[in-house]
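> There's a structure below that I have some questions on.
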């Protein structure tokens with residue numbers, strides 16, 4: 001796999017129009033991007049005009065980016081025990097699926113949900129039910145990706161077993177997979193600091209979930225310790241995970257080809273340098 005074929009990018013800004021996320025991706029030397037299709041802190045989502053979609057399509061052709069990923073709203077909790085907020089979450093998620101379909105996006109990355117102190121098993125069952133409700137709206141190449149979480153607060157999805165439970169509940173009905181956030185799984189208790197640690201963790205993932213369900217990575221270092229369950233991203237090589245971990249991801253045959261999206265604090269100037277450094281490892 002040549003450097004030009006490596007799928008590397010970052011979470012770029014769609015402020016002023018979704019097409020701008022593509023332009024920012026090109027600016028940092030990315031071959032792929034993640035972005036918000038709508039304001040991530042509002043229930044009411046953006047509705048695309050014909051002009052929005054045409055501008056997106058023409059910019060996409062110019063930039064030649066592939067394996068595009070949307071990140072859903074932070075407000076959405078598909079396992080919410082509060083019925084009113086669960087219904088709002090399901091509606092917002094459905095709208096997100098529709099926007100992704102309109103843009104021809106490949107992946108919709110989402111945080112599974114949070115139990116808010118209620119029964120965790122009920123939360124997981126509610127997430128499965130919520131996902132099955134969007135089945136009629138999924139078209140084209142869109143695949144839903146569960147993001148492995150940090151386990152902060154009452155969020156679920158920080159254990160591979162929880163992700164496997166959700167996948168097993170929907171895999172026969174809709175396209176599903178996992179996006180591993182390196183910071184998240186590290187603070188959730190999975191050691192990835194060395195090649196041997198990564199190998200052990202990937203073998204565990206394969207045993208519990210199955211490597212064919214691993215579709216993407218969020219690439220972040222962590223300012224917090226292994227197992228701390230506190231989600232704080234750091235620039236690559238400046239946190240508790242370290243460069244060996246990211247070098248492994250760029251070299252190992254199980255992970256090298258998968259899309260990787262930076263969410264490190266520092267913005268476009270840092271991302272350009274980090275993408276270059278990751279390419280050098282490959």
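Glycine residues also receive a Cβ, built from the backbone N, Cα and C atoms like all the rest.
As annotated by Swiss-Prot, Zn(2+) 1 binding site applies to 71, 111, 147. Residues annotated as Zn(2+) 2 binding site in Swiss-Prot: 147, 181, 218, 263. What Swiss-Prot records for 184, 231, 233 is Zn(2+) 3 binding site.
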> Calculate the distance in Å between the alpha carbons (Cα) of residue 111 (Zn(2+) 1 binding site) and residue 181 (Zn(2+) 2 binding site), and round it to a whole number.
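Cα-Cα, rounded: 11 Å.
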> Measuring Cα to Cα, how many angstrom lie between residue 147 (Zn(2+) 1 binding site) and residue 181 (Zn(2+) 2 binding site)?
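For residue 147 (Zn(2+) 1 binding site) versus residue 181 (Zn(2+) 2 binding site), the Cα atoms are 7 Å apart.
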> Within 8 Å of the Cβ centre of 147, 181, 218, 263, which other residues of the chain have their Cβ, at the recorded Zn(2+) 2 site?
109, 148, 179, 180, 182, 183, 184, 217, 220, 261
> Does residue 218 (Zn(2+) 2 binding site) have same-chain partners at least 6 apart in sequence with Cβ under 8 Å from its own Cβ, and which are they?
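Residues satisfying the criterion: 34, 109, 147, 179, 180, 181, 182, 183, 184, 260, 261, 262, 263.
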> Could you tell me the C-alpha distance between residue 71 (Zn(2+) 1 binding site) and residue 231 (Zn(2+) 3 binding site) in angstrom, no decimals?
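On Cα coordinates alone, these residues lie 17 Å apart.
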> Within 10 Å of the Cβ of residue 263 (Zn(2+) 2 binding site), how many other Cβ atoms can you find? Include all protein chains, please.
16
> Can you tell me whether DSSP puts residue 184 (Zn(2+) 3 binding site) in helix, strand or coil?
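Once the DSSP labels are grouped into three classes, residue 184 (Zn(2+) 3 binding site) ends up as helix.
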> Other residues near the Zn(2+) 1 site, CB within 8 A of the CB centroid of 71, 111, 147?
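Apart from the listed residues, the neighbours are 72, 109, 110, 149, 179, 181.
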> Find, among the binding-site residues listed as 181, 231, the one whose Cβ has the highest number of other Cβ atoms within 10 Å in the structure shown.
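Result for the most crowded candidate: 181.
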> So if I measure Cβ to Cβ from residue 233 (Zn(2+) 3 binding site) and keep only same-chain residues at least 6 apart in sequence, which ones fall under 8 Å?
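Set apart from residue 233 (Zn(2+) 3 binding site) by at least 6 residues yet with Cβ under 8 Å, we have 183, 220, 221, 222, 223, 239, 263, 264, 265.
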> CB neighbours of residue 111 (Zn(2+) 1 binding site) within 10 A?
23
> Taking the center of the Cβ atoms of 184, 231, 233 at the recorded Zn(2+) 3 site, which other residues in this chain have a Cβ no more than 8 Å from that point?
150, 181, 183, 187, 218, 220, 222, 232, 263
> Can you check what DSSP calls residue 233 (Zn(2+) 3 binding site), collapsed to helix, strand or coil?
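The residue in question, residue 233 (Zn(2+) 3 binding site), is strand (DSSP, three-state).
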